[in-house]
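Undergrad: Sending over a structure as structure tokens; questions will come in a sec.
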Amino acid sequence: MAQSSTSHDSGPQGLMRRPSRSAATTVSIEVFDHEVVPASLGTIAPILRVAAEIEHERPRVAYLCRFYAFEKAHRLDPSSGGRGVRQFKTLLFQRLERDNASSLASRVKKTDGREVESFYQQYYEHYVRALDQGDQADRAQLGKAYQTAGVLFEVLMAVNKSEKVEAVAPEIIAAARDVQEKNEIYAPYNILPLDSAGASQSVMQLEEVKAAVAALGNTRGLNWPSGFEQHRKKTGNLDLLDWLRAMFGFQRDNVRNQREHLVCLFADNHIRLTPKPEPLNKLDDRAVDTVMSKLFKNYKNWCKFLGRKHSLRLPQAAQDIQQRKILYMGLYLLIWGEAANIRFMPECLCYIFHNMAYELHGLLAGNVSIVTGENIKPSYGGDDEAFLRKVITPIYRVVQTEANKNANGKAAHSDWSNYDDLNEYFWTPDCFSLGWPMRDDGDLFKSTRDTTQGKKGSFRKAGRTGKSNFTETRTFWHIYHSFDRLWTFYLLALQAMIILAFERVELREILRKDVLYALSSIFITAAFLRFLQSVLDVILNFPGFHRWKFTDVLRNILKIVVSLAWCVVLPLCYAQSVSFAPGKLKQWLSFLPQVKGVPPLYIMAVALYLLPNVLAAIMFIFPMLRRWIENSDWHIFRLLLWWSQPRIYVGRGMHESQIALIKYTIFWLLLFCCKFAFSYFLQVKLLVKPTNAIMSIRHVKYKWHEFFPNAEHNYGAVVSLWLPVILVYFMDTQIWYAIFSTICGGVIGAFDRLGEIRTLGMLRSRFQSLPGAFNTYLVPSDKTRRRGFSLSKRFAEVTAARRTEAAKFSQLWNEIISSFREEDLISDREMDLLLVPYTSDPSLKLIQWPPFLLASKIPIALDMAAQFRTRDSDLWKRICADEYMKCAVIECYESFKHVLHTLVIGENEKRIIGIIIKEVESNISKNSFLSNFRMAPLPALCSKFVELVGILKNADPAKRDTVVLLLQDMLEVVTRDMMQNENRELVELGHTNKESGRQLFAGTDAKPAILFPPVATAQWHEQISRLHLLLTVKESAMDVPTNLEAQRRIAFFTNSLFMDMPRAPRVRNMLSFSVLTPYYSEETVYSKNDLEMENEDGVSVVYYLQKIFPDEWTNFLERLDCKDETSVLESEENILQLRHWVSLRGQTLFRTVRGMMYYRRALKLQAFLDMANETEILAGYKAISEPTEEDKKSQRSLYTQLEAVADLKFTYVATCQNYGNQKRSGDRRATDILNLMVNNPSLRVAYIDEVEEREGGKVQKVFYSVLIKAVDNLDQEIYRIKLPGPAKIGEGKPENQNHALIFTRGEALQAIDMNQDHYLEEALKMRNLLEEFNEDHGVRAPTILGFREHIFTGSVSSLAWFMSNQETSFVTIGQRVLASPLKVRFHYGHPDVFDRIFHITRGGISKASRGINLSEDIFAGFNSTLRRGNVTHHEYIQVGKGRDVGLNQISLFEAKVACGNGEQTLSRDLYRLGHRFDFFRMMSCYFTTVGFYISSMIVVLTVYAFLYGRLYLSLSGVEEAIVKFAAAKGDSSLKAAMASQSVVQLGLLMTLPMVMEIGLERGFRTALSDLIIMQLQLAPVFFTFSLGTKVHYYGRTILHGGSKYRATGRGFVVKHEKFAENYRMYSRSHFVKGMELMVLLICYRIYGKAAEDSVGYALVMGSTWFLVGSWLFAPFFFNPSGFEWQKIVDDWDDWNKWISSRGGIGVPANKSWESWWEEEQEHLLHSGFFGKFWEIFLSLRYFIYQYGIVYQLNLTKESRMGKQHSIIVYGLSWLVIVAVMIVLKIVSMGRKKFSADFQLMFRLLKLFLFIGSVVIVGMLFHFLKLTVGDIMQSLLAFLPTGWALLQISQVARPLMKTVGMWGSVKALARGYEYIMGVVIFMPVTVLAWFPFVSEFQTRLLFNQAFSRGLQIQRILAGGKKQK
């Protein structure tokens, strides 16, 4: 795309774009020619590329190339059947017609054939040969030259054929042969040029690479197929992987890819060995064994689990063992590299490898087949795609067919088999029934292989693949099913507390026999709960019964029978033992007599029942025993485990060490002490007295028709009282967890030394230790250091004598500061103040600190010295009191001497200066300086010197005379004013000068006295600039750098060096790693149009960012040397810089790539410090980082060696899956991605290429995984690996990652999202972090290294700030506690670093089943933990992360996370963790994953339970009876219980961890002020609103499914959202629920009789009204310009238009209410039976309003004369509903029949209906005493009923449509939406009347910006003023 910059007005050169219906049509002006080629014509792209390249040189040859391309396109697709082919041919033909005449005119030779031939010869001789024979050939240029020559020869042959020229000159044929051979050799490569031409490359000269390549090349003793044998003899460079390809039919590029992969792995492990291998260029067996053990650990475990012997059989001969091991590893990686989506099924890969490795062994051992009697041959082999076609594709087809049954996420999980189901088939020995070669009739293939019967080809119905060990059923029962031990524990504890409370037992009496007997009834409850779990095991997993084995069925039946037996035995024994059991029952149980001396039968039964729990307790206390038993093959242990849990491959032996167990057990025991003390004393015990009182009330006067008027004990009232309390009891552990984790995280963070350096002042105080810290942690050392906590961190001070160490510090520090300047965080002046001299002056005997530490020290020292009158030692002591002042004084003095020595060259002058300096230093050494020198003139001397330095800095030759005068002045000041005694030598020299007749320092042209201007070297310029700063900066540099982000980064980085981290190894010895970034189609780089585009307020992105980042904008202008924005826009280069500047402040791929490429920059710098000698280090890294052309070409230069090491250790792959399509369609993003590759040569892009290929006359799509890099401003293909089908068949993001995973390298892999950023100073610590893989972290080595993130989007608005704080606390304090002590950290986002080999052999770094793995990342953590991994968390390194900044984007994000958690609740992974963890770790797992969402749901349910309970009490009349009873008895506790309930809003607790983390890192005063500001900015409103989002989407996902990936905006949000948009977004999740709660509160206010004056009542009602207000109005509070009158008017018009608009096919939801309404209930169409049942059941609650309120009406008082209220009243009230329905139906039918043609008739109909309604209401007023109050109450009664009917109708949609009522339902729904819209909109409108509300809201919303002096009003009100 180098030629892609052709502008629109480029005239005839560009092809004009034609409009087309198809989005995939392939042509665009910007990137035509060689890039935009239809998918089916990919092979002609190189020809068009060559044409574009040579066009300026030989237009005719370019024309002939295009003509040949046109012919070839016609040959490939004669009928133009491929997509976009016809348009492409047309445009190409038009171009040919246009260019023909002009190119013919410029032809040099007579014929076209001669023209091409002469150009070919010229190109070959003058370019190709010249390049090839050069001393230092550029490999990339050579490769490209050979490819071009190959294309030209192809064109030459075609032209000769058309001109019927038969003979081609022999020298051309010879050249073509040479080109063809070299083309194969100079193939594009990724990191290592593993062909014969690449041997001279620097990376191939590394000893470890040589060793690995040599080991792969050892093909001794292998038999090659005949075709390969000839090739091998000819080239001699085939290796072991080529042999595997020949035998098993792998793809060529797969082999090339895995060859490099294997070489990198071997080289990496080989160089790290200790002791070092001898010789270094021979691959050590230890390196091979290390890689092999990692690669095959899972495979060996799998074989052991299935009781099979593994196939890794080694030969007897020692010399062949290494070769055999490499063959096995190569085979596995080749299988993995071609497995595509099957990589998500690791045990399926184990099965394939098991059989192929067995065949490999047979091949090499010469085994004979038992069946055929011949030598064993591979079952699948032959051509290059045999393995893909015969092994992978059949399995892929099964996976694809099952995925298609998912119906795009709409089908139930039980209807199809996901990746896990299919993989788990290979956890059973049944998988071997597939055989090898695999039989098509094996179980796995039943779903797709229909077997033909008979000649007519009738089909047998396909068998079902079926679910495996688990079925994801949509039900809330999963919450109990997955965490049954937790709920059992809570229920038993609750039962025990209730027993103690009602028995009024004091805690000290708990060991009384009768109390213990009463408490022992909990075991009966436990037995029933266990029975429930056994039943759920069968019911929830029943859809997978096809795959159940007999042992599974037996186990389930036995468990149900045994648990049922206990449910009978325990109650019977208990009843027989207790005294209060009925006498008849005791007689009936007389067959259970007690024998004397034997304990009671119940006690024995309980002991027997608890026996298995004793065993479990022993295994809990000794986790090592549990691990051993779970991994054991002993049958007794298998039987034991078979009963307690099904035997599955994962989840075994994952228990932690004894110490870890003790830590998290203590955490939970302390938490439970607090939780149960609170629950018992403040919840359960307080309700005992009110409960007894309520149950003792008789004679309740009911206000409605009571169905059970004579029922005793008022159970309804008791339930209303207890239900909210019990719900809070189940939820409040989450609150206690928040408190305890905050305290625990704070303590751990403090011990981790977080926040020790948090301000610039703290940094200054610790700066002297910094060089030591740098050299300890960032510079490798041979000394080993013990890790661990110490109270103080001390580092050996780097003294001036240790110059190399000081130089290393300066290189690292300066590179960090330079990166700050590049990012525009600091200005040029600040950079100068922060830099340390790159090249230290050998004459200085001290460390040169950065000037910002020494600023203003010299002026202060001068003032001090000028006024000092006492002894020298006192003055020096005062100066030395400030270490930096001492350094500044010494450095300035030494620099003063250095300047004079450099400047003065006259003999006499040099002697004079020497005498003065000698005199000064002599006096200093004798402590007599102050007595012999006057100090008062010192400032005058200094000012002269400052002037001199200023002149030297600019080095203007015209100022020579001024320099002479200054030197004379300075000499005079010293000799006349300062020296008290005359120096004899000076006098003599003065006399000598008089005699010569010239003045001092003046000199002559022949004999100058001074050298001015001095010789300008970089070192001289640096020294003079620094000296000038030290002398002139008078103000303190306390606030340097001024930028807050720069301050934060420096503070965190320096603080992290005082934390505990591993020492860094040398770069060559470090673990190599890759970074993988999934990218779909988000923003890459903002275009110029994006920058200039204004929103509705006239604000452009550039203007916005100028106001948000004013200091960075100023620094940017300074860097470009521009005055303002106008001058920036004058140059194309500056516009590009501006685009980059803006893109680096958004969430773009450009920002992410820049951040990740810091890794490479850091590695090169660190490798320089490792590899450079002392001279090179003292000369500085700058000399290397700006190499000469010679250095770049030389393979021996230090520069190329650094490049080689960086290449080997770091790979960055951006997986841009749509790049191919974007390129073909001319999408700007493709050009941006190419530019990224050009600017970052080591960046690789992986994409999925869809190519149309013709097979058997049919065009079909073929998919490839392609890896590309940039060469010579074009993208160049490195590998192209064919896939069995489309890569995306499940969740898109994990499958995008998966396809690119094969192109990553190294032993660690970092997953980075494209909204992340990185910093150079953090990248420097990557080596340290990777060493954590080798550190001791408990029983198991780490498999995922987690670390913290900094949220960089928090500075814009209050919302962004809340979100930023919330996210920051989660990724720091939250995950710190999860990792230690709780040991349940998983994988939550994307800075985590994976143990790559561990994960690629166990299913990858995410899971991809549609729907269930919506939160794909956390499943990587689940999978890692279940497969005995270990996830850690580290605080000393961080990356940047962007978050959504507008309320709607935040809500979309939270909806996505809530849906993901809903799916997790149903998942097998969580079920297995819940059952395989020990009890306390299971508690941790629950409360840190789905437990938070369940607790949030319980909070909302508590509010509902409380209010509906109150509604029941008030409407039924029970509450009035209770209040009267309490008043009569004087029972205050009963009154209080009625008035208050424990209603807690969990959202407010989100601030706890935030406050702790801010306190730790920025000080507790800051934390407190931030907390207060957050409250003032309505943070509680935001968190309460978020609670509603979480609960709605979590609950809906579990009930109905329909979860999907929700793309959230990543843009800059200062945008007003329209009311209609907010309504669509929040109607169902917040507004409906808020309205319902509001109606409940109003009803209770009207009918309630509880004590309204109590504080408890006020608190509860206040908090509930706050919840309602938050849910209804938060979207308006947090909407920019939400209360601006004009916007309100526009919003209302827009909403009216939207709600009135009719829907229809193709009408989007944002244009029509009908379309939106249909979309909103779509989930009900696909919901299961239970989902629909619960939806209807929950809707029934709305009927209680009508039932209760109709009996309160004035109208019905007549019917209340009797003792009982008649049910007829309620029945008659339904007539109103029926009447309304009839009216609606009449209107609906009338509209259909009359509205179009008989408008008058329709109006008359509506008039009659209106008159009729008025007449009926009037009669009711007159005859039945109806009042206005009755009408208002009726609305409260009937509106909820109508809503209930509407909800039920939506569920019963098919029925409604059948009976013809759907139109009425729609009309009713629209009416309700109108009412809801008006109710919500009215208060907003009223507030908008007052202008100050809008101003207040803006201030509230953008306070963060205001505090930094920003003017958001101008941004909102219009940047138009700027124009």
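Every residue gets a Cβ built from N, Cα and C, even glycine.
Annotations for this protein, taken from Swiss-Prot, read as follows:
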COMPBIAS  1-10  compositional bias 'Polar residues'
CARBOHYD  N1710  N-linked glycosylation site
REGION    1-22  region 'Disordered'
TOPO_DOM  1-481  topological domain 'Cytoplasmic'
TOPO_DOM  503-521  topological domain 'Extracellular'
TOPO_DOM  543-559  topological domain 'Cytoplasmic'
TOPO_DOM  623-658  topological domain 'Cytoplasmic'
TOPO_DOM  680-719  topological domain 'Extracellular'
TOPO_DOM  741-1486  topological domain 'Cytoplasmic'
TOPO_DOM  1557-1566  topological domain 'Cytoplasmic'
TOPO_DOM  1652-1657  topological domain 'Cytoplasmic'
TOPO_DOM  1679-1732  topological domain 'Extracellular'
TOPO_DOM  1756-1766  topological domain 'Cytoplasmic'
TOPO_DOM  1788-1803  topological domain 'Extracellular'
TOPO_DOM  1847-1873  topological domain 'Extracellular'
TRANSMEM  482-502  transmembrane segment
TRANSMEM  560-580  transmembrane segment
TRANSMEM  659-679  transmembrane segment
TRANSMEM  1536-1556  transmembrane segment
TRANSMEM  1567-1587  transmembrane segment
TRANSMEM  1631-1651  transmembrane segment
TRANSMEM  1658-1678  transmembrane segment
TRANSMEM  1733-1755  transmembrane segment
TRANSMEM  1767-1787  transmembrane segment
TRANSMEM  1804-1824  transmembrane segment
TRANSMEM  1826-1846  transmembrane segment
TRANSMEM  1874-1894  transmembrane segment
Undergrad: Compare 482-502, 1567-1587, 1767-1787, 1874-1894 by their Cβ pairs under 8 Å to the transmembrane segment (1804-1824) and return the stretch that comes out on top.
TA: 1767-1787
Undergrad: Test of understanding: give the count of other CB atoms lying within 10 angstroms of the CB of N1710 (N-linked glycosylation site).
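TA: A count of 12.
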Undergrad: Using a Cβ cut-off of under 8 Å, list the residues of the same chain at least 6 residues beyond the topological domain 'Extracellular' (503-521) that approach it.
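TA: Distant contacts of the topological domain 'Extracellular' (503-521): 495-496, 574, 577-578, 602, 606, 688.
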Undergrad: Same chain only, please: residues at least 6 beyond the ends of the transmembrane segment (659-679) with a C-beta under 8 Å from a C-beta of the stretch. Say none if there are none.
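TA: Same-chain residues near the transmembrane segment (659-679) but 6 or more away: 493-494, 497, 620, 623, 729, 732-733, 736-737, 740, 744, 1338-1339, 1380-1383, 1478, 1480-1481, 1483-1484.
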Undergrad: Quick test of the contact rule: Cβ under 8 Å, at least six residues beyond the ends. What residues does that give for the transmembrane segment (560-580)?
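TA: Beyond its ends, the transmembrane segment (560-580) has Cβ neighbours at 517, 520-521, 523-524, 527-528, 530-531, 533-535, 538, 586, 589, 592, 600-603, 605-606, 609.
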Undergrad: Return yes if the transmembrane segment (1567-1587) and the transmembrane segment (1733-1755) have at least 3 CB pairs under 8 Å (sequence gap of 6 or more), otherwise no.
TA: no
Undergrad: When you scan the chain for residues with a C-beta under 8 Å from the topological domain 'Extracellular' (680-719), skipping those not six or more beyond its ends, what do you find?
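TA: Cβ under 8 Å, 6 or more out: 494, 497-498, 500-502, 504, 725, 728-729, 1509, 1512-1513, 1515-1522, 1525-1526, 1529, 1531, 1533-1534, 1537-1538, 1542, 1747-1748, 1751-1752, 1764-1767, 1769-1770.
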Undergrad: Which numbers of helix, strand and coil residues does DSSP report for the topological domain 'Extracellular' (503-521)?
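TA: Summed by class, the stretch gives 10 helix, 0 strand, 9 coil.
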Undergrad: Just give the helix, strand and coil counts over the topological domain 'Extracellular' (1847-1873), going by DSSP.
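TA: For that range the per-state counts are 23 helix, 0 strand, 4 coil.
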Undergrad: For the topological domain 'Cytoplasmic' (623-658), give me same-chain residues lying six or more residues beyond its boundaries with a C-beta closer than 8 angstroms to one of its C-beta atoms, as numbers and ranges.
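TA: That would be 301-302, 304-305, 307, 347, 424, 427, 469, 551-552, 555, 612, 615-616, 1338-1339, 1383, 1423, 1425-1428, 1472-1473, 1475-1478, 1481.
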Undergrad: List, by number or range, the same-chain residues at least 6 past the topological domain 'Cytoplasmic' (1557-1566) whose CB is under 8 A from its CB atoms?
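TA: Apart from its flanks, the topological domain 'Cytoplasmic' (1557-1566) reaches 745-746, 749-750, 754-755, 758, 1365, 1368-1369, 1372-1373.
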Undergrad: How about long-range neighbours of the topological domain 'Extracellular' (1847-1873): same chain, 6 or more residues beyond its ends, C-beta under 8 Å?
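TA: 1627, 1699, 1713-1714, 1717, 1721, 1724-1725, 1732, 1735-1736, 1739, 1742, 1781, 1784-1785, 1787-1788, 1792.
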